[in-house]
Amino acid sequence: MKKKYRIAVLPGDGIGPEVMREAYKILNILKYHFSLPLEIEEFDVGGSAIDKEGVALPKKTLLGCENADAILFGSVGGRKWDSLPIDQRPERASLLPLRKHFNLFANLRPAQLYSELKYLSPLAFLIVIKNGFNILCVRELTGGIYFGQPSGRSKTNNFEYAFDTEVYYDYEINRIAHLAFQLAQTRNYKVCSIDKSNVLNSSILWREIVKKVSLSYPNVHLSHLYIDNATMQIIKDPNQFDVLLCSNLFGDIISDECAIITGSIGMLPSASLNEKKFGLYEPAGGSAPDIEGKNIANPIAQILSVSMLVRYSMNLKNIADKIDYSVISILKKGYKTADIAHDNNYLKTNEMGDVIADALISGE
């Protein structure tokens with residue numbers, strides 16, 4: 001174990017600070033109950049940073065992240081800053097620069113439907129009745145059509161047109177594929193690679209390299225699906241999937257599809273990693289300004305983001321499992337926040353944080 005783990009905490013805007021307060025309860029238990037050598041420092045980001053310092057990602061915040069072993073991120077954005085130029089708004093001017101600065105090429109989005117919450121899924125009950133489902137979307141985050149050049153708009157002969165370019169280098173596909181197979185070895189040993197190799201040259205290269213990488217992992221079963229078929233198969237039977245390996249564009253689409261069939265995005269964490277396993281960990285949802293300050297936001301995604309941080313950047317699987325089990329145990333006992341309750345009997349944000357913290361300490 002390292003002598004010290006430095007965590008940069010960036011609560012951000014909207015419900016970010018509210019759910020981060022509950023994550024602090026878990027961090028403090030890790031530090032004082034489990035004796036993990038954590039050093040935690042908080043920094044401004046997003047709209048709150050714009051209000052205080054004029055920019056969404058202040059130099060002090062970036063330096064604090066550089067000196068950390070991982071970033072625990074809340075959420076950014078809100079109507080207050082929508083009048084700013086697009087490249088100065090909280091989302092575009094903070095989260096994207098952090099991803100680029102730290103070369104966070106891999107986005108991990110778990111989508112799990114807990115058996116206690118099957119009624120939340122929009123899918124037919126018979127589809128999810130087995131054991132819920134547990135899918136991990138592994139999305140390449142720094143290449144592909146979102147970053148390819150040329151990209152733009154133009155006019156010719158009285159016609160206006162727009163264009164984007166899908167570019168993937170072999171090393172980009174290679175590293176995300178290796179990560180997907182390595183993660184599958186910690187789960188159910190299945191990788192399904194998503195592409196459109198019947199049409200796109202970039203997908204042809206994608207499939208070729210994924211096949212080559214798979215030879216290094218003979219105990220992992222590899223399958224391939226075109227993106228259109230994959231979106232249908234997830235609805236038809238999500239239980240058939242374990243790890244989904246996706247390009248930037250396809251991963252953007254399919255990870256959101258996986259999220260919505262769980263019934264509540266407030267349950268879902270995410271991680272963005274670089275090759276050294278430095279990571280930015282955040283809830284999959286947004287800043288939800290409509291419920292800001294009402295103490296009804298679901299803190300589970302933020303708490304599970306702590307679990308992912310402990311699992312991937314600190315490599316402490318046993319501690320991460322304890323956090324995950326604490327969440328499962330309180331769900332089994334019937335504790336719910338407003339977004340996952342089917343009646344008015346639900347816990348406030350701080351109350352949910354308390355019961356999860358108590359479960360983590362007691363191990364029950």
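A Cβ is built for glycine as well, from the same backbone N, Cα and C atoms used for every other residue.
Per Swiss-Prot, the substrate site holds Arg99, Arg109, Asp228; the candidate it also names there, chosen from Arg79, Arg89, Arg139, Arg207, is Arg139.
Cβ environment of Asp228 (substrate binding site): Lys196 lie under 8 Å away, each six or more residues apart in the same chain. Fewest Cβ neighbours within 10 Å among the binding-site residues Ile86, Ala288, Ile296: that distinction goes to Ile86. Largest Cα-Cα distance over the residues recorded as binding substrate, namely Arg99, Arg109, Arg139, Asp228, equals 28 Å. Reported as a whole number, the C-alpha separation between Ile296 (NAD(+) binding site) and Arg139 (substrate binding site) equals 30 Å. The CA atom of Ala288 (NAD(+) binding site) is located 19 Å away from the CA atom of Arg109 (substrate binding site).
Here is what falls inside 10 Å of the CA of Arg139 (substrate binding site) among the binding-site residues Gly78, Asp82, Ile86, Pro90, Asp252, Glu292: Asp252.
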